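Below: one structure, written as structure tokens.
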Amino acid sequence: MLKGRDTEDSSLGTSNSQEKQTLPIMQRPIPPEIPWVTTTNFHSLPTPAPSPQLFPPVNAEGFPPSAQEEFSRTVRMGFQNMDNLQRQRLLAELLNSCNTEQLVFVSNYISPRLKRDFLKDLPIELSLHILSFINDPKTLSRASSVSKFWRSLLNDEFTWKNLCVRHHFRRRSSAAPKLPPSPTSESPSRINKFSYKDHFRRRYIVESNWKHGGRTLVTHISPDTGVVTSLQMCQSYIVVGMDNKKIHIFDVSDGKYIKTLSGHEGGVWALQYMDEVLVSGGCDREVRVWDIITAKCKHVLHGHTSTVRSLKMKDKTIAVSGSRDATLRVWNIEEGLLLHLLAGHQASVRCMEIYGDIVVSGSYDCSARVWDIVTGECLHVLQGHYSQIYSIAFDGEKIVTGSLDSTARVWSRQTGFCLGVLQGHTSLVGQLQLHESILVTGGSDGAIRIWDLDTNRCVQHIAAHDNSVTCLQFDEKRIVSGGNDGHVKLWDIETGDFIREMTSAGNAIWRLAFQETKAVVLLQREGKTVMEVLDFDAQES
């Protein structure tokens, strides 16, 4: 029994051993007891997660790190786990161990990382406020190149408006001309939008031209001899009165000659133009009213018995004339009628100024008088000078008179009291201009003085010419003066510094006038009467 069992088992063992040798390794047949398991279902089963294994670290190239890289990693992780004080101590020790070359490397490496745009970190309002302290436009131009953000800040109108105010670049109607829209242009609202940046740029170029450049737009040489007695420069015309009976009119934009008004029988010694109406007076004792467009004389006003030496217009309907006959006359120039005869002076009426309904006259009788144009009443007699009055200025409140006694006096229009005596000139004070609290005087001593009328103190004394100052004009930036020495000079009104000569010298300077971008000079050169029109407008490069 046992033997037979052993034989059977042995045969079975042999058979199984042969089977195992013919089966592929690792192949496990699907048990038949589970008929619903298919190949598709088998592959759809989720793959079990692999058992966690420890992998050695690798560097960027996929290889195990070197000992140096491992050390750097350890140091970096240790540094990150330190507090601030520990980090500073470690950095100090490392830097103390570096040589010069290594320190230069550290410096170059960290310098860009320490740079910060402080304007970008601040609120916009504060950044603009900081930029408003920059007074030099060239500095602003360089600052705009720092970054796009700085450029955007410097394109803000607030910055350029402040700069315009600081440089006294006041906005004028001519500064931003309104152009008609073209068919392909943008909307009118965008075309007509005023830009302080553009305004500043234009005015800055104009100021630079005044100081360093400019050009002679036109030069007129009179074919006949004659002394220039009067000049007015307005928005449209340059009007010149001559002692040879003529009045010449030129275009202010290009300086070209337009026409001559003839009719006076003697030299023209006074004129004024307003709203296409020109009024003139002269040695023929007449006052003439002209239509400047048609060049026709509308009225000839008679009454004075001597030369009409001074003349002012209140508006296009009322004018006042002063004569060597010691009287003033108030005229309705629209209808050609005499309204008032103002009598009281004892000698020639040499000068006058009008403000509103008040006219102030200065006379060779050493006094000035304040008159009401409407009623013809003399309101005040201003006495104090002990020689003839040659010049007068009036701003509605303060009256300033210049005299041969070498002083200028300041008066109150309301009370007629003398507010101050301005001493310093050594000869005739023949030129005056008043604006707000600033008075500029020119004398026959060749000097120009700038006065602060709040204190009646001379703030600048300029030795301007070698002979009499024959004409002057100032604005908030400059003084232009002409003298009998034949020179026209430009001065800085704040410092009194000489800037430059405006034109080549002549024999004598008779009259001058200027606006923002133009200047007119009338002089005698080589025995001839010459008019030069100078242009300082912004020229596009």
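Every residue, even glycine, has its Cβ placed from backbone N, Cα and C.
Keep in mind that what you see is a predicted model, and the values were worked out from it rather than measured.
Copied from TrEMBL, the annotated features are:
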- 10-21: compositional bias 'Polar residues' (COMPBIAS)
- 116-163: domain 'F-box' (DOMAIN)
- 1-25: region 'Disordered' (REGION)
- 261-300: repeat 'WD' (REPEAT)
- 301-341: repeat 'WD' (REPEAT)
- 342-381: repeat 'WD' (REPEAT)
- 382-412: repeat 'WD' (REPEAT)
- 422-461: repeat 'WD' (REPEAT)
- 462-501: repeat 'WD' (REPEAT)
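Model confidence over the repeat 'WD' (422-461) stands at 96, taken as the mean pLDDT rounded to a whole number. Across the repeat 'WD' (342-381), DSSP assigns 0 helix, 25 strand, 15 coil. Within the chain carrying the repeat 'WD' (422-461), a Cβ under 8 angstroms from the stretch's Cβ atoms is held by residues 390-395, 398, 400, 402-404, 406-410, 467-475, 479, 481, 483, 485, 491, 493, 495-496, all 6 or more beyond its ends.
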